[in-house]
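First the structure, in the form of structure tokens, and then the observations on it.
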Amino acid sequence: MFGRWVADVSRKVPSLLKRVSLEMKPQVVFVLGGPGAGKGTQCSRIVENYSYTHLSAGDLLREERAREGSEFGQLIDNHIKEGQIVPVQITINLLKKAMEDTMQKDETKFRFLIDGFPRNEDNLQGWNTVMDGKADVKFVLFFDCDNKVCIQRCLERGKSSGRTDDNRESLEKRIQTYLQSTRPIIQLYEKLGKVRTVDASRSVDEVRDGAKPHVSDSQGNDEKYVHM
């Protein structure tokens, strides 16, 4: 009798776990910092050691820009070249689709590092509107880096990246956009106690070590939406 009960429970548990995981909301960590702060590099390292999926808002936009037949390709290209922020509806739809596709392929992958978003008030309001009740934002992982260091890193990266915005003129515009639009978003989350700051001016390994304590805590915080 007991043996049959154990066998029955053993058969049901995997099915139950799968159903629960499919019903889970995406668990999100916003990764913010200036251009060249090392967000992409550090996200890649976090993914290697922890159960996160890295989604770069910038990479998704560049992929959409390059996609043949995209109705938004030229618009995205113009905004990126000018160091401007792409309309929020486009970015959020790309992020939402990427999360849904990831979770459909593997129901255990529900934790996401969203790199480079939200970048301004419009981004944040758009996220709150579209994703309200559909995702849990745990905290903001903020890579704090001196602007001069950021620019130098991007110029060095531009020698081989092929990115049209890795030049001094675009970088100056991107830094100003970051200071005027993204820093206030970080400050809003700071007021909620939902920012984890890492000194990103240091070496890659030192920055990785600084981020470890934050990403290794899988519990995070309960979501609190920020309303402007």
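Yeah, the Cβs are placed from backbone N, Cα and C, and that goes for glycine too.
Residues or ranges marked as ATP binding site in TrEMBL: Gly36, Ala37, Gly38, Lys39, Gly40, Thr41, Arg157, Arg202. Same-chain residues at least 6 positions away in sequence with a Cβ under 8 Å from that of Ala37 (ATP binding site) are, in sequence order, Phe143, Asp144, Cys145, Cys150, Ala200.
Mean per-residue pLDDT, taken over the region 'NMPbind' (56-86), amounts to 87. Residues or ranges marked as region 'NMPbind' by TrEMBL: 56-86.
Per TrEMBL, ribonucleoside 5'-phosphate binding site is recorded for Arg62, Gln84, Ile85, Val86, Gly116, Phe117, Pro118, Arg119, Arg163, Arg174. For Arg163 (ribonucleoside 5'-phosphate binding site), the number of other Cβ atoms no farther than 10 Å from its own Cβ, over all displayed protein chains, is 14.
There are 23 other CB atoms within 10 A of the CB of Asn123 (CMP binding site), with all protein chains counted. Summarising the annotation, TrEMBL assigns CMP binding site to Asn123.
TrEMBL lists 156-166 with the feature region 'LID'. If you look at the region 'LID' (156-166), the same-chain residues 6 or more away from its ends with a CB under 8 A from one of its CBs are 36, 62, 77, 80-81, 83, 174.
Annotation source TrEMBL lists region 'Disordered' at 203-228.
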For ATP, whose listed binding residues are Gly36, Ala37, Gly38, Lys39, Gly40, Thr41, Arg157, Arg202, the greatest C-alpha pairwise distance in Å: 17
Residue among binding-site residues Gly40, Gly116, Pro118 with least C-beta crowding, 10 angstrom cut-off: Gly40
Set of same-chain residues at least 6 away whose C-beta sits under 8 angstroms from Gly36 (ATP binding site): Cys145, Val149, Cys150, Ile151, Gln152, Arg153, Cys154, Arg157, Leu171
Number of other Cβ atoms within 10 Å of the Cβ of Lys39 (ATP binding site) across all protein chains: 24
Pairwise Cα distance for Gly116 (ribonucleoside 5'-phosphate binding site)/Arg202 (ATP binding site) [Å, integer]: 20
